[in-house]
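Chemist: Okay, these came from TrEMBL:
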type     : residues : note
SIGNAL   : 1-27     : signal peptide
REGION   : 28-50    : region 'Disordered'
COMPBIAS : 30-50    : compositional bias 'Polar residues'
TRANSMEM : 62-82    : transmembrane segment
TRANSMEM : 94-115   : transmembrane segment
TRANSMEM : 135-156  : transmembrane segment
TRANSMEM : 194-214  : transmembrane segment
TRANSMEM : 226-246  : transmembrane segment
TRANSMEM : 258-280  : transmembrane segment
TRANSMEM : 286-308  : transmembrane segment
TRANSMEM : 329-347  : transmembrane segment
Amino acid sequence: MAISSKLYVVILLVLILIVSFPSRTKSESENNINETKCGSNNTDRQRQGCTNNKNEALKWKLIAIASILMTSITGVCLPLLSRIIPGLQPDTNLFVLVKAFASGVILATGYMHVLPDSFDCLRSECLPDKPWRKFPFTTFVAMLSAVLTLSVDSYAMSYFNKKHKLESGETQNSLVHGEAKCDDKSSQLLRYRVVAQVLELGIIVHSVVIGLSMGASDNPCTIRPLVAAICFHQLFEGMGLGGCILQAEYGMRMKAMLVLFFSITTPFGIGIGIGLSNVYSENSPTALIVVGLLNACSAGLLNYMALVDLLASDFMGPKLQNNMKLQSWAYLAVLLGAGGMSVMAIWA
């Protein structure tokens, strides 16, 4: 399942257009909302000495772009350096533990960061009570997103398995002639490739939203803690994605494309946010609805991928099932990754 670089570019641009659309309707939206009620968060920050400072905020945004880019590249490339670092090869215990830790980070990202952000947006006082506070849209959309991810996972595997068999001229009788093992390996490789690309797409969605929100903010008190939190997140989420890319055994061109898109999405989102900071209103009803729904979609996808395609796949696999000690260490690694990312929710 190879998605072309052009398709990734199209997906990225569509997401940016969708998220930045509210900037064109700022004045129209703000005329219809209660400024006192929707501006309460800014008032609270000002009372704490956290006033908007565009020059100071720009300095922190530029620091964020550089540091997030470097940590993203470092995280996603580490597993791909297995030839230089033999301990990071997919068949080693260290790789299993690192991947378990990174999977815990991805799981906590969905539950502790993206999902609560969606609740905050769709339950905002800037939106009318009906229907936004009368129905749990966040969990509903996240549920549909998880089911949709399952269907993409399932149909992609079915389609490419069938395509592979037709191209290789296999028949049902070929299993009798000793090709079953080869077929299983090919099917597993295909599975890894589906997982890597679906996970990449989910990460791109929430990375655009995170970057745009940071870039559009002019409050240094909001940006400073986000820099450290997002760097931590990108480092270990990148390691999880890098492990999936390594197992997928892509060629150099495909690896480079996946690494590039993961690394630049958040910094690119910040850059777009900086450009829109004069016109983008994060409290406009349109912005809250669009960002809230995108976050809910991303949360459902990330939670499904972390639990089903990463954790369940590894913990139910032969390597961990045949080694109880390694399995216990892997559970500890998951808890450490999820716990560390959960602590980051205090600041981000």
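Yeah, the Cβs are placed from backbone N, Cα and C, and that goes for glycine too.
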Chemist: Run the contact check on the transmembrane segment (135-156) against the transmembrane segment (258-280): 3 or more C-beta pairs under 8 Å, excluding pairs closer than 6 in sequence.
Modeler: no
Chemist: What stretch of 62-82, 194-214, 226-246, 258-280, 329-347 shows the most Cβ pairs under 8 Å to the transmembrane segment (286-308)?
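Modeler: The listed stretch sharing the most Cβ pairs with the transmembrane segment (286-308) is 194-214.
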Chemist: Where, among 62-82, 194-214, 226-246, 258-280, do we find the most CB pairs under 8 A to the transmembrane segment (94-115)?
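Modeler: The stretch with the most contacts is 226-246.
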Chemist: Most CB pairs under 8 Å with the transmembrane segment (62-82): which of 194-214, 258-280, 329-347?
Modeler: 258-280
